[in-house]
Amino acid sequence: MTTPSMEDYIEQIYMLIEEKGYARVSDIAEALAVHPSSVTKMVQKLDKDEYLIYEKYRGLVLTPKGKKIGKRLVYRHELLEQFLRIIGVDEEKIYDDVEGIEHHLSWNSIDRIGDLVQYFEDDSKRIDDLRSVQKRNEQENQ
């Protein structure tokens, strides 16, 4: 079972490896705005829990278990960003909102949000209809 903090690290490590081909402690620390010693401590825990293999001074690699979870965490994050965009959340608020909610939703809720995103994306008229409702509500609330 992963904690929200473990998920943040696994997600960031997965993204760094996808982007650069590797993830160093210093890269992870910079991306998460934490001290390198905190990264080392968490990486050792993730190694112990078999999410990654860490060798001091040699770097780290995700295990198949770590890759699977990392991929799912990135999917969750991107899906929630899509969802908030569809429902009209201001772009500059989306990242922080996703960070605030992503660890508090069950995977069942994430799957249902995925269904809703697909529903809207399957027919752009649905998004237009939503925008009309939002516009009408804004006018009524003024």
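For all residues, glycine too, the Cβ spot is worked out from N, Cα and C.
Here Swiss-Prot flags Asp8, Glu99, Glu102, His103 as Mn(2+) 1 binding site, drawing on sequence analysis. Taking Cβ-Cβ distances under 8 Å and a sequence gap of 6 or more within the same chain, Glu99 (Mn(2+) 1 binding site) has no neighbours at all. Under the DSSP three-state reduction, Glu99 (Mn(2+) 1 binding site) is assigned to helix.
Annotated Mn(2+) 2 binding site per Swiss-Prot: Glu11, His77, Glu99, Glu102, in sequence order. DSSP gives Glu11 (Mn(2+) 2 binding site) a helix state. Just so you know, the Cβ of Glu11 (Mn(2+) 2 binding site) picks up 22 other Cβ atoms within 10 Å once every protein chain is counted.
Annotation comment: Swiss-Prot describes 1-63 as domain 'HTH dtxR-type'.
Taking Cβ-Cβ distances under 8 Å and a sequence gap of 6 or more within the same chain, the neighbours of His103 (Mn(2+) 1 binding site) are Pro4, Glu7. Surrounding the centroid of the Cβ atoms of Glu11, His77, Glu99, Glu102, where the record places Mn(2+) 2, the chain contributes additional residues within 8 Å, namely Glu7, Asp8, Leu73, Arg76, Leu80, Val98, His103. Counting every protein chain shown, the Cβ of His77 (Mn(2+) 2 binding site) has 17 other Cβ atoms within 10 Å. All protein chains included, Glu102 (Mn(2+) 1 binding site) registers 19 other Cβ atoms within 10 Å of its own Cβ. As a summary of secondary structure, the domain 'HTH dtxR-type' (1-63) carries 38 helix, 8 strand, 17 coil according to DSSP.
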